[in-house]
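*Asks:* Attaching a single structure in structure tokens format; questions to follow.
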Amino acid sequence: VAAASGHTVVLVDQSDEILKKSTKGIEESLKRVIKKKFADKPEAGAEFIKKTLKNLTTSTDAASVVHSTDLVIEAIVENLEVKNKLFKTLDKFAPEHTIFASNTSSLQITKMANATTRQDRFGGLHFFNPVPMMKLVEVIKTPMTSQKTFESLVDFSKAVGKSPVSCKDTPGFIVNRLLVPYMMEAVRLFERGDASKEDIDVAMKLGAGYPMGPFELLDYVGLDTSKYIIDGWHSLEPNNPLFAPSPLLNKLVEEKKLGKKTGEGFYKYK
């Protein structure tokens, strides 16, 4: 998305193999975009892909490429220690003006910023899946984020064609803070035997206009991911009933029924 909007991007991952797969995935994604965007102009579509891919290079060494960047967006595993280790390293090699941002959906941005010497040039940029389709970006401002940094992150979000909303560094920001307790409440409704999961899904789709019901959404997101988020919040606020763990969700994760990606979660998939 950044490359398609004219930014020079270096995509960093752990191995060349992963990067090859990623680049192929990006090409496929761009082909889908041009089918809609340039339906009657195939030449313009081909040119768009060429131009976008020209803006994109790959590397397995983040420290060696960070010296010429203005913005670093981290989107690695949801583990604070691993993220902080990366940010600490990059902090040593990045120029003074470089802004660091995390795409985390559930961890505290402040804790990551504190691992660096650039707390004022650190914020959250939370994109939504699938990123080419979803218009929203949550721009997260910690108590230390400078106004200049915040405005730069908002401007960048607009420059890549997204609609930014702003939020303080609070668990789950806006969307997940409302969405995760809603999904957990649906599981509790089902656990109590008050309604079937199928009926709950139909009710929320037809009654609230949601594109997916809560159980379909949980399976799509991954039950392990949802459990990870709720467990993290529960440890932060053990007395908040909205963050209480669910025995059924824990049992499914224990049985490795994690949703769509494993073929079974609340529903079965072929």
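Heads up, the Cβ atoms here are built off N, Cα and C, so glycines get one too.
Remember, TrEMBL labels are computer predictions, not curated facts.
Because the structure is a prediction, the values reported are computed rather than measured.
Relevant sequence annotations retrieved from TrEMBL are reproduced here:
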DOMAIN    1-170  domain '3-hydroxyacyl-CoA dehydrogenase NAD binding'
BINDING   Ser29, Lys36, Ser105  CoA binding site
SITE      His126  site 'Important for catalytic activity'
DOMAIN    172-269  domain '3-hydroxyacyl-CoA dehydrogenase C-terminal'
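Explain the structural surroundings of these features, please.
*Replies:* Note: Lys36 (CoA binding site) has no non-local neighbours, i.e. no same-chain residues 6+ apart with C-beta under 8 A of its own C-beta.
All protein chains considered, the CB of His126 (site 'Important for catalytic activity') has 24 other CB atoms within 10 Å.
Looking just at the domain '3-hydroxyacyl-CoA dehydrogenase C-terminal' (172-269), the mean pLDDT is 96.
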*Asks:* Per residue, counting other C-beta atoms within 10 angstroms of the C-beta, which of the binding-site residues Ser29, Ser105 reaches the highest number?
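*Replies:* Per the Cβ count, the most surrounded site is Ser105.
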*Asks:* Counting by DSSP secondary structure, give me helix, strand and coil numbers for the domain '3-hydroxyacyl-CoA dehydrogenase C-terminal' (172-269).
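*Replies:* Breakdown, helix to coil: 65 helix, 3 strand, 30 coil.
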*Asks:* In angstrom units, rounded to an integer, how far apart are the Cα atoms of His126 (site 'Important for catalytic activity') and Ser29 (CoA binding site)?
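*Replies:* So the Cα of Ser29 (CoA binding site) lies 20 Å away from that of His126 (site 'Important for catalytic activity').
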